[in-house]
Amino acid sequence: MYGNYSHFMKFPTGFGGSPGHTGSTSMSPSAALSTGKPMDSHPSYTDTPVSAPRTLSAVGTPLNALGSPYRVITSAMGPPSGALAAPPGINLVAPPSSQLNVVNSVSISEDIKPLPGLPGIGNMNYPSTSPGSLVKHICAICGDRSSGKHYGVYSCEGCKGFFKRTIRKDLIYTCRDNKDCLIDKRQRNRCQYCRYQKCLVMGMKREAVQEERQRSRERAESEAECANSGHEDMPVERILEAELAVEPKTESYGDMNTENSTNDPVTNICHAADKQLFTLVEWAKRIPHFSDLTLEDQVILLRAGWNELLIASFSHRSVSVQDGILLATGLHVHRSSAHSAGVGSIFDRVLTELVSKMKDMQMDKSELGCLRAIVLFNPDAKGLSNPSEVETLREKVYATLEAYTKQKYPEQPGRFAKLLLRLPALRSIGLKCLEHLFFFKLIGDTPIDTFLMEMLETPLQTT
């Protein structure tokens, strides 16, 4: 029927042959599909039959069909016996026939099969796994926006939490329908059984949840061990012993006041600080690990913090004094006397920011000792040979103080933070005191570095 049409085809001069050659040229359908070039022989379709699988393999997938520069024509009466392909620029017009049609696509539904495995899950509405959807990170379970890859699958926080709870609590669900419930963003909470099954089908791993729990437990145990080792390495009992060893007995002072001295308040404070500077070195030697530092670093730390350390001591000693401070010599310095001497502003700061706060929270000796140890171990002091070691010691004191407050004052969860808030005020007041030259006459003509070196080299006196 189509013999005359399909047997011979005339091409323009020079196409597929030698230059200047004209005449009839025929081509094999299979050759045309495989090479796109005309053949020199003139067989009929019956000479070289082409099977249906070969023709479909030439077409391949819809992407191949759309990407090909040729138009493939097949017969709808049965398996096509051949196909004609036209090179670019040449139009082939099929003879009028209702029995010919153009195959331009392949049904996608025939190529994609439902996921094998669990019964009823094949009918669920699975999100697309095309490259575009992966870029958007859609939850593979319900289609909501993904927050990342959880337990091996891109999923939202809701599905992640649902799967984790199911595994950790070893929950068992049942489906009220046919185990094929639709799981999407709006209906993901309707059936927990089908949601959990879909989590498994999409690739969520039970062992990933168990490993995460094990890692969390190991991390918590490690942190607890570090904290315990810090407490053992910097025991609060030794810090308290250091405080008690150098603090004078205040009960022997009685009701002594500034009237017992003819000196002005500034001179009295300087004399008291002079006396306390000797005991300050003894106190530092009793703090755990301070003596393990190099002698040069010990001098640097004491030189950087001695004013704050002394101010903290007499501030805490003065919590029982009304409107004044109690010096280590047993003398009281009243607010009015300080104002008369021209140092009223800094004196007021000591009373309001330190003495009053210590009194309100009833700061004990152990807490005072820890705060002073934190001041002593200052990793920012200039000239330290090993600031990281000093920082490690300070962190140990932090851990010791926090553990102590939690154990001693469990009803005050914010006590540790309140204690640390006194440190900035102490630092600011200490700098202001240096500006007022309070302590510049402490040791006469002896340079403070020389004095500290001599004191630190003196063996610790044990009682």
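Cβ atoms here come from the backbone N, Cα and C positions, even for glycine.
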175-199, 225-249 - the one Swiss-Prot records as zinc finger: 175-199
Annotated stretch (zinc finger, per Swiss-Prot) among the listed ranges 139-159, 328-348, 349-369: 139-159
What is the number of residues in the zinc finger (139-159) that are helix, strand and coil, as DSSP sees it? 3 helix, 7 strand, 11 coil
Counts of helix, strand and coil residues, the zinc finger (175-199), according to DSSP: 8 helix, 0 strand, 17 coil
